[in-house]
Amino acid sequence: MQTNPIIKVPPTRLEVIMHILTYFGIIVMCIYIGTQYSKLPAEIPAHYNFSGEITRMDSKIVVWILPVISVLIIVPISFICKVPYMFNYPLKVTEKNAVKVYKDGRLMMASMNVLIVILFSVLELNIIYDANNPDNQMSNLWINILLISIFIHLFYFIIRLRRHKLE
């Protein structure tokens, strides 16, 4: 197993903003669901196919699953960001490049959290809209754009991290 240098690197302002946005997004998502919950029908869309058509309906309590899943994903990632030397990097981390690599690794994880919250929020909006408007389903275009942006985000940071190998 490759051991990376253990160096304390303080979080950047952008990282802190990303973490604040992440938790703010979860809170807003929960507040929105809470305000809409009583207006939802007893059964809401619980599953969609790739065309965006509803394939299964379920009890409206399932509207809380995505916020719970987002917390279960985001909280551990936030804690892992505090120990960037434990990440797996696509290059050898040395004393010389560790600070830059660790900052980029943490920024990647923090921005991934923001993207996850945005994706889950859009999914929730889609579910609530479709539940209240069964004859006029919301387009899944934004969901597809967000999924693609997550992969672009990952590739961007992998390339950015690999550049540190050349320095």
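Cβ atoms are placed via backbone N, Cα and C, with glycine included.
Listed in TrEMBL:
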- 16-35: transmembrane segment (TRANSMEM)
- 26-70: domain 'DUF1648' (DOMAIN)
- 61-87: transmembrane segment (TRANSMEM)
- 107-129: transmembrane segment (TRANSMEM)
- 141-159: transmembrane segment (TRANSMEM)
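Counting residues 6+ beyond its ends, the transmembrane segment (107-129) has Cβ neighbours under 8 Å at 12, 14-15, 18-19, 21-22, 25-26, 28-29, 32-33, 36, 40, 44-45, 63, 66-67, 69-70, 73-74, 77-78, 80-81, 137-138, 140, 142-143, 146-147, 149-150, 153-154, 157, 161 in the same chain. Across the domain 'DUF1648' (26-70), the DSSP tally of helix, strand and coil residues reads 25 helix, 12 strand, 8 coil.
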